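Enquirer: The following block contains the structure, expressed as structure tokens.
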Amino acid sequence: MLLNEKDFKNEGVKIAALIMAESARTAPKSKGEDTIEIVYVDGEEMEKIAAKMEEMAEGGDKDFIRDAESVRKSQAILLIGAKGDRTVGVNCQACGFESCSEFKKADRKGENFVGPNCAFRMIDLGIALGSAVKVSAMLGIDTRIMYRIGIAAKKLGMIDADVVMGVPLSALGKSPYFDRAPKK
């Protein structure tokens, strides 16, 4: 059998994304409580994200257009988010409230992300993201963590989380996620 890499590139990227998802899932979490949400996206659903990002650029942030172009050059996206409403219960005050009890009474709102959020849950999100992209680097798959992708996917209802980051994946001759000029 002969297989040209171009014929199985998308399958390879999907396998990498699935392994990345499991690395994010098994990453250490505060008190061992898992509030991480992970969704794999490819094909037509990616185009919906890119279109939503272009729509959001009309609000003034033209870098949504640049990042939408990156989405279109990708073979898949991994959405990784966290629910920040569950506290760890240590009253650390990093959220800006005197106690976890006060935090729980706060109105949770936000146009792009929902907050306030427990700082430990956001740390957990960062660790999960780091674990995922570590795997992509080990596997030779290009990625970049992008919050604009997360916002668009959240607005489209693709993931149930308060804060979401998008991790596009690509296996091209050159990474499409660097040397990107800001849009004007």
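Including glycine, each Cβ sits where the backbone N, Cα and C put it.
Under the heading domain '4Fe-4S', Swiss-Prot lists 72-135, citing sequence analysis as support. Positions annotated as [4Fe-4S] cluster binding site by Swiss-Prot: C92, C95, C100, C118.
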Enquirer: When the number of other CB atoms within 10 A of each residue's CB is tallied over all shown chains, which of the binding-site residues C95, C100, C118 has the maximum?
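Expert: Result for the most crowded candidate: C118.
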Enquirer: Grab the pLDDT values for the domain '4Fe-4S' (72-135) and give me their mean, rounded.
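Expert: Per the prediction, mean pLDDT sits at 98 for the domain '4Fe-4S' (72-135).
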Enquirer: Helix, strand, coil: count each for the residues of the domain '4Fe-4S' (72-135), based on DSSP.
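Expert: So the domain '4Fe-4S' (72-135) is made up of 24 helix, 9 strand, 31 coil.
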